[in-house]
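Notes follow the structure.
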Ligand SMILES: [Zn+2]
């Protein structure tokens, strides 16, 4: 199975993703809703995660009880 974020081979421990980074990106999509995945460039992933962290710093810091993204299993 290929990583749904970057189409690389998924890795044990991070399925269906290839890495924690891509798992985080997928989570960011669920949390942010409006973040586009710019490209397959890892630098863009860093920017995306950085933007996500900045956004969360200004948001309600409560854990998202009852608002968790669906689990892929
Ligand atoms: Zn990936």
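Note: Cβ is positioned from N, Cα and C throughout, glycine not excepted.
Around residue 3 (Zn(2+) binding site), the same-chain residues at least 6 positions away in sequence with a Cβ under 8 Å from its Cβ are 9, 10, 16, 17, 18, 19, 22. Among the features that TrEMBL reports, Zn(2+) binding site is placed at 3, 6, 18, 22.
Positions annotated as region 'Disordered' by TrEMBL: 53-73.
The Zn(2+) site, placed at the center of the C-beta atoms of 3, 6, 18, 22, has further neighbours from the same chain whose C-beta lies within 8 angstroms: 2, 4, 5, 7, 8, 10, 17, 19, 21. Taking the Cβ of residue 6 (Zn(2+) binding site) as centre and 10 Å as the limit, one finds 19 other Cβ atoms among all the protein chains shown.
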